[in-house]
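Feature annotations, reproduced from TrEMBL:
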type	residues	note
TRANSMEM	12-30	transmembrane segment
DOMAIN	14-221	domain 'NnrU'
TRANSMEM	42-64	transmembrane segment
TRANSMEM	76-97	transmembrane segment
TRANSMEM	118-140	transmembrane segment
TRANSMEM	146-164	transmembrane segment
TRANSMEM	199-219	transmembrane segment
Amino acid sequence: MGGVLDGFWQQGVALAVFLGTHAIAALPGARGALRRRLGAGGYLVGYSVVSLALLVWLTVATLGSPFVALWPPQPFAAVLLVAVMPGALILLVAALTEANPFSLGFSGRTFDPQRPHTCGRVAHPLFVAFGLWAGLHLLANGDVAAALYFGPLLLLALAGPAVASAKAKARYGAVQLDLWRRAARAAPPTTRLPALRTWIGGLLLYGAILFLHGPLIGLDPRDMLP
């Protein structure tokens, strides 16, 4: 057993650094000091780059960990994963490209409550996307390395909306957010859908991942289908 557990040390270190970095960034004092030193834009870019680099490290470490099964493969989970991921990736692209004052936003666009797009229906598209991705991958894989990888990411996705809502409230104020929320809900249904560019970007990303998943990760999702 000791020899098997020894194979997880790199993944454990990568996971600890990844979670520790996010925990430090969540501290108001640390986040405020970094924002003052780097500026809001510099902080966002730096945080995104560091998070992505650590996620890549964690991914590589996970792929190098030994396989220890926790439960047998579930064929229905693979079908569900392939079917749901297009929607999850559309939500991811929405989080990156559409204005959203209610959650984490990266687009820099001005929010129009008369045309709220995705956040008119889904306030936290980034966390929903990551939650679907992590939860379905955890169910479909069912081994220790996958649990150590997708489990914490699923927990972060579940905790994210509360943290993002608190940040939005501190930035805009509860009254302004409530006005935007009411206006967005009253907007025509067609304006509360992802923008056309979001649909296109999400589906193109899905196609690219479906094609590259095998060469990069070592497992083609299509091979998991019954």
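Using N, Cα and C of the backbone, Cβ positions are placed for all residues, glycine too.
Looking at 12-30, 42-64, 76-97, 118-140, 146-164, the range that has the most CB pairs within less than 8 A of the transmembrane segment (199-219) turns out to be 76-97. With respect to Cβ pairs under 8 Å, the transmembrane segment (12-30) is most closely packed against 42-64, considering the stretches 42-64, 118-140, 146-164.
Per-residue pLDDT, averaged along the domain 'NnrU' (14-221), amounts to 91 for this model.
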